[in-house]
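One structure is given below, encoded as structure tokens.
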Amino acid sequence: MDAIYHERQQGQLCAQHCLNNLLQGPYFNPVGLSEIAHRLDEKEKSHLTDREDISLVEMTKILEQPSSNMDDSGFFSVQVISEALKVWDLELHPLLSARMSHAAENPVDQNAFICNHELHWFAVRKLGRQWFDLDSLKKSPLHITDTYLSLFLAQLRAEGYSIFVVTGILPTSEADQLLSLIPYEPPPPPHSSEGKAARVSKSPQDFDSIEDEDLAEAIALSLVESRFPDDKSK
């Protein structure tokens, strides 16, 4: 786990953390992302004002509008993240789009996802042959078994997250190379009655390192159903 690059949350810079954790290195900072946001703003405003019939008042209002791609808190839009990834020849596609139906059915065949809910962004990426949740709000990366990945993404969608598939060839990293040779081995689950009770009381995302994948899947399903009872009727 020590080889995995993992930026922890600072202020509202989760877009930066998301990108750097995805790419496994300190490639982006607030200044660089702000420049991308400003370029996008100028392009959008130029498109809106490039009309022969536009009035001076309307043009002034458009030009004085605040940025739609960033704010003072450090939040950046999906357009900024998408534009930043183009530097690496990577693209973002909504998981639920028709083009990504194969990814929705078999997420383990992909290489990475970016997840967004309101102002928070984080990455889920395959390193070596294993999946890891690289959320900057967490203390460290969390291993996700192949069996649990579909459930994990389904839970995020139920909680209102938008999920994007990252397509293209991700840059290699020390963690990727190391985990390809020596896969991460999660600690064995506790076997005492106290340990079992503690495990059942956890939320689904805490089962990322459980070796018994069948148990993890059964518990995760029951937790999702109990948390979202209305889904049964749909």
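Yeah, the Cβs are placed from backbone N, Cα and C, and that goes for glycine too.
Summarising the annotation, TrEMBL assigns domain 'Josephin' to 1-181. Within the model, the domain 'Josephin' (1-181) shows a mean pLDDT value of 89, rounded to a whole number.
Annotated active site per TrEMBL: Cys14 (among others), in sequence order. Counting every protein chain shown, the number of other Cβ atoms lying within 10 Å of the Cβ of Cys14 (active site) is 23. DSSP assigns Cys14 (active site) to a helix.
Counting every protein chain shown, 18 other Cβ atoms lie within 10 Å of the Cβ of His120 (active site). Feature annotation from TrEMBL assigns active site to His120 (among others).
Summarising the annotation, TrEMBL assigns active site to Asp135 (among others). In the three-state DSSP scheme, Asp135 (active site) falls into the coil class. For Asp135 (active site), the same-chain residues lying six or more positions away in sequence with a CB closer than 8 A to its CB are Phe122, Ala123, Leu142.
Look at TrEMBL and you will find 183-207 tagged as region 'Disordered'.
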